[in-house]
């Protein structure tokens, strides 16, 4: 559908000086603005070189003008692009001329919002535009481009279609009880439901990797006092971010460093040494450390390799801890290899435990750790397999997963087809929030307001 509305204008290029600057216009007055500024009729989708005029035929600049009649444009509306010189004064003069002729200044993200409202792209694709602009690594940029091209949306639509087909079957059985379809006896519903859950789990895992590449991975360095945690933080940061002494308990609070590995963002957190203590200040530091561990994407459990310790990371956590992190997101760091004489190695056991021997002091093995962290973020994905995702996408996928699990329990434990049908509907609605099929105005406002002006 085409949303007839006022005409908007904005500078579409980054602030500052450059060789080229672009003013973008969208809305029903775009054609009139083109005629007034260029003083001639523009052939659609052709680049026209010439002066850009202000009042009283006073030239403001010269460059290329391109007119895109709707609906075959980015926003689905009539669009005008004026590509002139990239000086801020010149661009401001050109933008002010557009406003004098009836346009208004666009809000941040309003061009992309109109493209979404006019069905030119869905919400996940619109967000991918911002992700592509803000990408901090080559792989993050590739993933954002694939999302912009619809790869993530395609996966979500496939899940939604499977849910719709399952809902049709379940609701038909409920509406026509004379058919006497036994949900459990024929096995069709459970089989289809488990298939959707498996597909959803795959998409959720890949979306999680995409979110890490976009937002960065939170890595928490944990362990007992004097294991070398702060030395490891300093080695990764490349500077003296934390105080290092031989006194146990030097670090009493969490320290955060934001670093990049080959352009990939990492949020590294150093924590207080984990031990049962009567010192009130140190106990607060331990509590904050445990909170950080629970929120981490990856935990580096640092142990002193010169001390006789067990090799199982789960057994290495202090006995007083009531809850310990999932071993699947823990890397055991056997530090001080320069003192113990251990070889610098990265090993993965049969049960999936990852152990890395290194020396934070000498930096031996540090490159192995960097490569390992990159792999945890999905750096080794092929260009054909990744897509960009955001935290809100993960929340929606998790919601859908919970609804499907709840619906399965309702069916298998109670034989409640009506309750299953409602859970299927809610799961479909959760998926729809990703692409914008089900989205409140408040959600749309928050998303598009985070965009650049002119996008």
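Using the three backbone atoms N, Cα and C, a Cβ is placed for every residue, glycine included.
What Swiss-Prot annotates here:
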type    : residues                           : note
BINDING : 24, 81, 120, 455                   : (6S)-5-formyl-5,6,7,8-tetrahydrofolate binding site
DOMAIN  : 216-378                            : domain 'TrmE-type G'
BINDING : 226-231, 245-251, 270-273, 335-338 : GTP binding site
BINDING : 226, 245, 247, 250                 : K(+) binding site
BINDING : 230, 251                           : Mg(2+) binding site
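A separation of roughly 61 Å, to the nearest angstrom, links the Cα atoms of residue 81 ((6S)-5-formyl-5,6,7,8-tetrahydrofolate binding site) and residue 226 (GTP binding site).
Here the binding-site residues are 24, 120, 229, 336; the one with the fewest Cβ atoms within 10 Å of its Cβ is 120. Cβ neighbour counts within 10 Å, taken over all protein chains shown, single out 230 as the most crowded of the binding-site residues 226, 230. On the 0 to 100 pLDDT scale, the model's mean across the domain 'TrmE-type G' (216-378) is 81. For residue 229 (GTP binding site) paired with residue 120 ((6S)-5-formyl-5,6,7,8-tetrahydrofolate binding site), the C-alpha to C-alpha distance reads 50 Å. Take the CB of residue 272 (GTP binding site) and look out to 10 A: across all protein chains shown you find 27 other CB atoms. If you measure from the Cα atom of residue 336 (GTP binding site) to that of residue 230 (Mg(2+) binding site), you get 13 Å. A helical conformation is recorded for residue 230 (Mg(2+) binding site) in the three-state DSSP classification. Rounded to the nearest whole angstrom, the C-alpha distance between residue 24 ((6S)-5-formyl-5,6,7,8-tetrahydrofolate binding site) and residue 230 (Mg(2+) binding site) is 50. Taking CA atoms as the reference points, residue 226 (GTP binding site) and residue 120 ((6S)-5-formyl-5,6,7,8-tetrahydrofolate binding site) are 57 Å apart. Cα separation, residue 230 (Mg(2+) binding site) to residue 120 ((6S)-5-formyl-5,6,7,8-tetrahydrofolate binding site), rounded: 50 Å. For the recorded site, residue 24 ((6S)-5-formyl-5,6,7,8-tetrahydrofolate binding site), the DSSP three-state label reads strand. Residue pair residue 272 (GTP binding site) / residue 120 ((6S)-5-formyl-5,6,7,8-tetrahydrofolate binding site) shows a Cα separation of 51 Å. Under the three-state DSSP scheme, residue 120 ((6S)-5-formyl-5,6,7,8-tetrahydrofolate binding site) falls in the coil class. There are 21 other CB atoms within 10 A of the CB of residue 81 ((6S)-5-formyl-5,6,7,8-tetrahydrofolate binding site), with all protein chains counted.
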